[in-house]
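Engineer: One structure is given below, represented as structure tokens, and several questions about it will come after.
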Amino acid sequence: ATKIPFRLNQNQALLTFEDEEVALRLTKMSKHCVNLDNRTANVTVKPFELDMGFQFELHVTVSGKKINVSDIPELPIPDDWMRDKLELHFYKTEQAEGGGEIEDVIYNKGSGTAVITFLKPGASYSFVGCTKYPFCAEERWFILSVSPHFDFQLRRFQPHCRVSKKTILLKGISEVEEDEESVQDMIEIHFQKPSNGGGEIENIKYISRGAAYVCFEE
């Protein structure tokens, strides 16, 4: 699931409770009188809702038929010739006991890379143990880099808006002379008391100046 940062503005606070029922109860009460440094602040409690995010499953598998080749030298020969040389080389590579018959070679001269597809499933696994291969072209020797080719499949992609069941947003906290940590402690004490409809707090974040971006875990 994508992590959507929430902007917590000046004189706002986020409280996450251990019990969902506490957050729901406080939200229904809406208005709360909180004692801050011998002053009473009329604080508004809002349900906490994140912006739209996305949830998905990404399935990654190592291809049994394809390998990625890089560090292919740029030589003054036609692309077709280089493609044929690569095909022949990986068809009979001794270090991997030969990859076998090749189905396709996609060569990119600009990036010096290629994707080689073997005909036989599982043929690419022979190249996993070694990542460097000597390669002869135009009577010169080069070293090619070989890496597994990954197949990616996106499943169960769905957008969502989330309302936290345990977190509430406090607005309208008045400015006081106390430092930010002290005010946060006062807010925490108020909302922990059962007599105020509160309960045990798991996490709290209060901002007196500027803003902060908060990310929530699943």
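Including glycine, each Cβ sits where the backbone N, Cα and C put it.
So TrEMBL says this about it:
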type: DOMAIN; residues: 13-103; note: domain 'NID'
type: DOMAIN; residues: 114-203; note: domain 'NID'
Engineer: Within the domain 'NID' (13-103), what mean pLDDT does the predicted structure show?
Structural biologist: 84
Engineer: Within the domain 'NID' (114-203), count helix residues (DSSP H, G, I), strand residues (E, B) and coil residues, in that order.
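Structural biologist: Going through the domain 'NID' (114-203) residue by residue, I get 21 helix, 44 strand, 25 coil.
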Engineer: When DSSP states are grouped into helix, strand and coil, how many residues of the domain 'NID' (13-103) land in each?
Structural biologist: 23 helix, 42 strand, 26 coil
